[in-house]
Each structure stands twice: as structure tokens, then as C-alpha cells.
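In what follows, a single structure is set out as C-alpha cells and then discussed.
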Amino acid sequence: STMRKRKATDSPHSSTDLSEGKEKLRLKQEVGLISGVSLIAGTMIGSGIFMSPEWVLHHMGSPASSLLIWAACGVLAMFGALSYAELGTIIKESGGEYIYILRIFGSFPAFLFAYTSVILVRPAGLAAVCLSFAEYAVAPFYPGCSAPQVVIKCTAAACILLLTIINCLNVRLATSIMNIFTAAKLLALLVIVVGGLVLLAKGQTQSFQNAFQNTTAGIGAVGVAFYQGLWSYDGWNNLNYVTEELKKPEVTLPRAVMLAIPLVTCLYLLVNVSYLAAMTPSELLSSGAVAVTWGDKVLGSWAWLISLSVALSTFGSSNGTFFSGGRVCYIAAREGHMPDILSMAHVRCLTPSPALLFTSAVSLIMVVSGSFTSIVNFFSFMAWFFYGMTISGLLYLKIKKPELPRSYKVPILIPVIVLMAAVYLVLAPIIDQPQIEILYIVLFIFSGVILYFPLVHFKCHPRFLQRVTLHLQLFLEVAPTTRDAN
């Protein structure tokens, strides 16, 4: 056996049990309420709030309308997370959208989601955030000029490798780092908020005079502005990816959502007000990095603190993205939609290390050729396509299967609003300004059909894969896991 036997007198948090003479391996339930709030807030507060405000303002045209977009994005994220909280108390399994689509709609659409998410969306998102971290981390070493791309990419790659080691070693270590970095980035945002309030008290309100002037009304422009704003809120659904690792998920999941998202929304609005207090709209639009420009104007010689804060913020966010993204790969493999080796956990650390290593490898490939700004709209289009499918599944369960036990219920109007928003966000940019990239995305999603039928439906697995799996299992010291019977 590749697993070491554990004593029956293990602690209550032990992830093994003995039944019918066989030992089962499970991931530990290590994520409590504070860690849950940190996972949501820590992943949401990444690079977006430091980079997206100028783009929201660019597409909306006026300060007041851009603030409305930020508020609307927060409400939409809250509604989406509350809807997901109900799903998480009905289907108490990790995996987020993947497991919900699988249980409600079946194997084929779930495979398409897993294929798209594991191969493209999650690694690309992680690569983009790590590239953003690298840009801010190396900036102090290249004053007055841009850092060489090779330095940025090497730093991003080092960030991914460090996150891989942390997350493979220990769940508690990963969540502790998340808690520490969340506290640090909240402190940085509070500095910006307080600085803005001081400026407003001194009468710097010129950006808020005729605040709706030059507002854009096109549906496509509003949709793209939403994409930019929602990029900063992305992560509102992250706790649903680790449901099996939550302590008392039926209580922790809704409470963490209700604490984290309003906190982030209020901070985002106040930070945007602070930016507009320090800069005119035209200055904000011409700024390459809004937070750094704010620091130069308000903090003077202490402006380096902002660059440090953004680097810490993006590192913490990438840790949260990596923590949850590896779980999608792990759960999909456990359900037979990915190679078996990706469904296994380390026999001592009890972490899904093969799935994390795979996510890391794909992200490293994307770091070599990718850039932060190239994926935001593409990422949002993909994300909201599957968010809409997941929310429609919740509506189906609420209408057709109201008898299912659930500890938390969201009013039906809330998922209806989220579904309408998802349809708008997917269709508006296509109708207003069709782009060939959207066609490529759709073709990629449905290219999964070529793999699904031979490998999953008909289970045509080459014999050599079993031998490869066995050798990898021995080399990585991993073993098959079992899910909790919920």
C-alpha cells in the first residue's frame, strides 16, 4: 500500500477512517469563518482595485456613473454569492460551478466547464495576477523606467512556484498566509480611504462637480465597464470550491459571504472616491497605475508604501486563486473528467498536490507568453457564461425540487436578477461590438466534445496510462481520496 496506516485514536480533524478493513483518505476540514472571510476578501482584493478604476471611468465617461458601476458590481457579486451559498448547503461538495453543473445538468456540460476552467481560465487568471504582482514587486529596482519583461516573467514564475510549495505542504499554512495578507491589504486600502477623506475635508471636490457629465449610454460600453469592475470582485464564489474543507459549511458559507462582500464593496467605493479626490478624471485616465499616482500625490516620499501594498495584495490574491483553482482540477478528476492521478491527495500533508502541481505547470506556460491586460474581458465572458448556467440550475432546484433539505434559502428574485445580469454580460459585447476572439472562446469550449465522448463517455483509456498513474502515485506519495457522504 502507498498509504501509511494511522491509529484509530486520531484527533477529530483526522482525515482518515477505518471501515470494512479499508482506510479512506479525505482532505482536512481546516477552513473556519475567519479563514473563509479571508479567502473571499483576500482573493477579491487583488490587483483590480489598483488597476481597473481608470478603465471603468474610461468606458463610462463620468465619475458618478463609474461609482454607480462599482456599487452595482458589488450588489451583483453579493447576489451571486448568496445564491451560491444556498447551492453550497444543498450540494455539500467542493468544486463550485463544476460540481453544481454536474449534479444538476449532468456529465457533458460539467466536463465542458472543467475542461475550459482547468486548461485555460484558472491557470490564465493565476498567471495574470502573478504577472501583476511581479510588475509591482520589481518596480522599485528600476526607478524611472520599465522593468525588463524577462525579469517580470521570472519573478512571476518564482511566485507561482512558491505558492505551489506552500499549498502542497499544508492547508493550514496556506490559509494562515491568506489571513495575514488579507489583513495587510485591508490596511493598505484603509490608508487610501483615510487619505481621501482628508482631501475631501480640505475641499478637494472638483471631480464631483457635474459628476454625470459625459456619461456613456451604449449597452456594449456599460457591459465592458462591468467586466472591468467585476474583475476586481472576482473571487466572490471561491468558498464554494472548498466546501468539503469548511468547518460546519451550512453555517460558515452564508456567514462568510455576508461579512466579506459588503466589506469589500464599501472599501472599493471609498477607494474610488479617494482616487477622484486626489486626481481629476483626466489625470486618472492618463495614469498607468492609479494607486501609484495617488501615492505620489498624497504620500510624497512615502509613495513606495503603495507599490509594496499592491505587491502584497496581488500575492495574497494569487494564493487564494491557486488554493481554490487547484480544487476544481482535483474534484473534476475525482468525478472521472480528468486523469485519476489529479484526484489523489498526499498521504501525509492531505493536500491535493497533483492537481496543484498541474495547475502550476499550466500557469507557468501561460506566464511565458501572457500579459495581465489581455485576459480580463475574455476571462469575464467565460466566467459569466458558466455563472449563468449555475444560477439557472439553482432556479431549477428551487422550482422543481423545493423539498431538498437546505439550511439557508435565498429569495428567488435574487438568482433571477443574477441570471438576467449574466445573460446581459455575455450578450451585450457580442451584440454591440462583435469580436473574433469571442468566436475563438466558444470554439474552444465546444472543442471539449472531441475529448469527452472517447475518454469520458466510452471510457477508452490507453493501457499505458494506468502504469504512468501508478509510477506517479509512488513518486508523489499520493493516494485516492473519498468524499464526505453528504
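Including glycine, each Cβ sits where the backbone N, Cα and C put it.
Those TrEMBL annotations? Automatic predictions, nothing curated.
As annotated by TrEMBL, region 'Disordered' applies to 1-22.
The transmembrane segment annotation in TrEMBL covers 31-52 (among others).
What TrEMBL records for 64-85 (among others) is transmembrane segment.
The feature transmembrane segment is assigned by TrEMBL to 97-118 (among others).
The feature transmembrane segment is assigned by TrEMBL to 154-174 (among others).
Positions annotated as transmembrane segment by TrEMBL: 180-201 (among others).
Taken from TrEMBL, the feature transmembrane segment covers 256-278 (among others).
Beyond the transmembrane segment (298-317), the same-chain residues lying 6 or more positions past its ends with a Cβ under 8 Å from any Cβ of the stretch are 42-47, 50, 129-130, 132-133, 136-137, 139-140, 159, 177-178, 180-182, 184-185, 187-188, 191-192, 195, 199, 235, 278, 289, 291-292. What TrEMBL lists as transmembrane segment is 298-317 (among others).
Residues of the same chain lying 6 or more positions beyond the ends of the transmembrane segment (354-372) and with a Cβ under 8 Å from any Cβ of it are 47, 51, 118-119, 122-124, 126-132, 135, 153, 156-157, 160-161, 163-164, 167-168, 322, 325-327, 329-330, 333, 341-344, 472, 476, 478. Residues or ranges marked as transmembrane segment by TrEMBL: 354-372 (among others).
According to TrEMBL, the feature transmembrane segment maps to 378-398 (among others). Sequence-remote contacts of a segment are chain residues at least 6 beyond its ends whose Cβ falls under 8 Å from one of its Cβ atoms, and for the transmembrane segment (378-398) they are 80, 83-84, 86-87, 90, 97, 100-101, 104-105, 109, 113, 116-117, 120-121, 124-125, 128, 226-227, 230-231, 234, 237, 404, 412, 415-416, 418-419, 421-423, 425-426, 429, 437-438, 441, 445.
Annotation comment: TrEMBL describes 410-431 (among others) as transmembrane segment. Outside the transmembrane segment (410-431) by six or more residues, the chain places 76, 79-80, 82-83, 85-86, 219-220, 222-224, 226-227, 230, 377, 380-381, 384-385, 387-388, 391-392, 394-395, 398, 438 with a CB less than 8 A from a CB of the stretch.
Per TrEMBL, the feature transmembrane segment maps to 437-458 (among others).
Outside the transmembrane segment (256-278) by six or more residues, the chain places 33, 36-37, 39-41, 44-45, 49, 53, 63, 66-67, 70-71, 74-75, 77-78, 81-82, 84-85, 186, 189-190, 192-193, 195-197, 199-200, 204-205, 207-208, 232-233, 236, 239, 284, 290-291, 293-294, 297-298 with a CB less than 8 A from a CB of the stretch.
Cβ atoms under 8 Å from those of the transmembrane segment (154-174) belong to residues 27-28, 30-31, 126-127, 130-131, 133-134, 137-138, 245, 315, 318-319, 322-323, 326, 346, 349-351, 353, 356-357, 360, 363-364, 367 of the same chain, restricted to positions at least 6 beyond its ends.
Simply put, out of 31-52, 64-85, 97-118, 180-201, 97-118 has the most Cβ pairs sitting under 8 Å from the transmembrane segment (437-458).
Non-local neighbours of the transmembrane segment (180-201) in the same chain are 37-38, 41-42, 45, 49, 267, 270-271, 273-275, 277-278, 291, 294, 298-299, 305-306, 309-310, 312-313, 315-316, 319; each lies 6+ residues outside the stretch with a CB under 8 Å from one of its CB atoms.
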